[in-house]
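Written out below as structure tokens is the structure these notes cover.
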Amino acid sequence: ELRLSNGTGPCSGRVEVKHEEQWGTVCDGDWTIEDAEVVCKQLQCGSAVQALNRAPFGEGSGPTWLYRVDCRGDESVLWNCSHTGWGAFTCPHYFDTGVICSGFSGLRLTGGDTACSGHLKVKQEETWATVCFSHIDFKTASIVCNELDCGQAVDILRGTHFGDRHELIWQEEFHCVGNETHLAHCPRILHHSKTCSHDATVVCSGETL
């Protein structure tokens, strides 16, 4: 089994592996984005955004199960990558690895007048999740428009009132700085509330300037 701990949700955190009924960590010898990619795919968390070392999500506990993991990026599970053997090397926990995954594999604007305007949705595994109006700002909208090749952000509107709609709601608030190339690279804060008063409608200028 594999999990990410201490992050902003199930798709970021310290990499932990369960072996012989005990959870342990992965040591950061040559920890790369290809290694992180396998973790994200295995957890159905989209693609890897960052591979981190030196315990960015705090020090774990238990054995350091894996060391010098070397993935090509297309393995189905982390332990299929080459490594030195289970528990072969005891590493201090300040070398624990961390991963930030995109958490979603796609984004789109739906229900608008053009392909470059509409309700912002992100694809989480096989379903599309709605992004709340309160969870994005204009900088974030700018990144979305740019990523969709839709030019500049023109406006963010309060979309339809949520009420009793049974749609999946994206649980993270985006805080883009403004220079990111993809929404997945923006810093995020997790919100546990399942409520959303309005969804976010993004209007882009429509063509790349």
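Glycine residues also receive a Cβ, built from the backbone N, Cα and C atoms like all the rest.
Looking at the candidates C27, C40, C150, C176, TrEMBL gives C40 as the cysteine bonded to C101 by a disulfide. Cβ neighbour count for C196 (disulfide bond): 23 (other Cβ atoms within 10 Å of its Cβ, all protein chains included). Secondary structure of the domain 'SRCR' (2-102), assigned with DSSP and counted as helix (H, G, I), strand (E, B) and coil, comes to 16 helix, 34 strand, 51 coil.
Sequence-distant contacts (6 or more apart, same chain, Cβ under 8 Å) of C186 (disulfide bond) comprise T140, I143, F174, H175, C176, V177, E180. Fewest other C-beta atoms within 10 angstroms, among the disulfide-bonded residues C40, C71, C91, C176, are seen around C91.
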